[in-house]
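TrEMBL lists 36-152 with the feature domain 'IstB-like ATP-binding'. The annotation region 'Disordered' is assigned in TrEMBL to 173-192.
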Amino acid sequence: MTFENFDRRRVNLPLEEQKNLEWAFNEARRFAEAPKDWIIFLGFNGCGKTHLAAAIGNYQLQKGKPVFFKVVPDLLDYLRATFSPDSTVTYDEFFDKVRNAPLLILDDFGEQASTPWAQEKLYQIINYRYNARLSTVITTCLALEDIETRIGSRLADNSMSSNVNIMAPDYRSDFAPSEEGKQQARRLRRRR
């Protein structure tokens, strides 16, 4: 997934959504060229969040820069797996690699099981990176106020985070958003 193959001019999108998608693309491109602080992509499934996050990562990789990209539920599975006697890496080694990555991309934030352990690990990662001001990209379908408070407050900090609310619908289907999805879109629009 690259900037070159991101379809930011989808046909049949209303003009407002086309402009919004173009704006999201430009914000992602700007961040990729000089990653600093955080960029958070919010929106429906299939709106392009993951593609833009991956494009940022691939852009940095092409420049020879290290990138750590993980889907959040998979990240938590990897962390749990380090406790296995068969693990080739210790928990501390892997956790430190995630926390200190020069560029960390967390995809599908909020899609993980909401166990106390998962919430604590995510808080530790987010809080560490927040305090160290390490470049981070996050994608989520949730509105920031729907994310656990300790984490959500850091993601909402405008001095640290650029929040990019993508209004485009799922490019993979013609289905209209559910009523819950429409309510989420209204909350996202208010935050712009």
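We count from 1, first residue shown onward.
For all residues, glycine too, the Cβ spot is worked out from N, Cα and C.
Counting residue by residue with DSSP, the domain 'IstB-like ATP-binding' (36-152) contains 58 helix, 23 strand, 36 coil. For the domain 'IstB-like ATP-binding' (36-152), the model's pLDDT averages out at 94.
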